[in-house]
Amino acid sequence: MNHPYSWIEDSLKTLHRANWYRRVKTIQGRGGAVIELEGRSLINFASNDYLGLAADERMIAAAIAATQRYGTGSTGSRLLSGHRDLHRDLELAIASFKNSEDAIVFSSGYLANLGTITCLVGQKDLILGDQYNHSSLKNGAKLSGATVKEYRHNSLEDLENQLLAHRHHYRHCLLLTDTVFSMDGDICPLAGILALAEIYNCMVLVDEAHATGVMGENGTGCVEYCGCQGRELIQMGTLSKALGSLGGYVTGNAKIIDFIRNRAATWIYTTGLSPADTAAARMALEIIRLEPERRQRLHQNINFVKSKLNNLNILPSEAAILCLPVANPGQALELSQKLLEKGIFAPAIRPPTVPTSRLRFTAMATHSLAHLEVLVQSIGESFPT
């Protein structure tokens, strides 16, 4: 009889053979535009700290002050002993920032998606999601028990065809999409999705994780960027990317948020967000409001890199994520290593995370022109044209 765990070693060998095996890399000290990685100083193009707030002294001071006042942990679920005034202050600030009636904060963005999706739909319902949606949206859909179907990436035509074919068989229908797609950098056709939702009587949940703080005139996300403010939808986002903290949020009308507060298992049955993370996220919103030049500098950096690499097959992007597809996982690893040797940290992204391997570069507001020029030169020397 085989040992019950013997298959794990075989599976690890398969991952190695396919060049899919992953290992952690240890960064010393704070993150930022330049990092210390395993004894080397590298320019960091793998961070989602888009505005460079995670190491901002005001963020750190806010986290320290909250820890001194409230302690290191929230000490319970929000419905029991884990709710503090700073949690509600953050939720109200997010609601105002997103131009929504109310908001609810989860302990992570992943939990926000799982909890929200699973309490909105069930076995009698239909979910239609973009094929390139984030793992948290896909897993939330599976866990809900609803019938789940995917439409071709950013295809309004395929989405409507599936609505025509299936919508009438189900009680409720939920449309799911990232606004900025995390492994491509492109943006969903939000206005078209909302128009179809009105025609076919669907709820809409958008994941603003990579748009919050980055997209739109005020940095509120793609709902603003696409001119869809005031439309009826549910917005989810994260506090761990441009906001430089940890946690996730959901915004919408007051009744929806009240319903989520009463039904979302990943909010009800978990400890509240730590005081430090909560206070840091609240400070980030204030910095974003007061310093629009950070976001402007980020987009200047994005546009500079795009203009210098227009001869390469970069995937279309208006966000801080720029991707160069390559032939296979082995080539992705090889090119990432070449860049590492030139002082650039940009890990290879491989299946099953993405269908086709690629190098993924993320811009930050704190990258200097010199950092960007090193990246452009290194890519030119490393990538086949």
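From the backbone N, Cα and C atoms, a Cβ is placed for every residue, glycine too.
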Requested in this report: Please state which member of Ser96, Ser100, Ser182 Swiss-Prot lists alongside Gly109, Tyr110, Asp207, Glu208, Ala209, His210, Thr238, Leu239, Ser240, Lys241 for binding pyridoxal 5'-phosphate.
Outcome: Ser182
Report task. Measuring CB to CB from Arg22 (substrate binding site), give everything in the same chain under 8 Å that is also at least six residues away in sequence. Result -> Leu15
Query raised in the report: Rounded to an integer, what is the Cα-Cα distance in Å between Lys241 (pyridoxal 5'-phosphate binding site) and His134 (substrate binding site)?
Result: 15
Query raised in the report: What is the number of other Cβ atoms found within 10 Å of the Cβ of Ser182 (pyridoxal 5'-phosphate binding site)?
Result: 22
Report task. Report, in whole Å, the straight Cα-to-Cα distance of His134 (substrate binding site) from His210 (pyridoxal 5'-phosphate binding site). Result -> 11
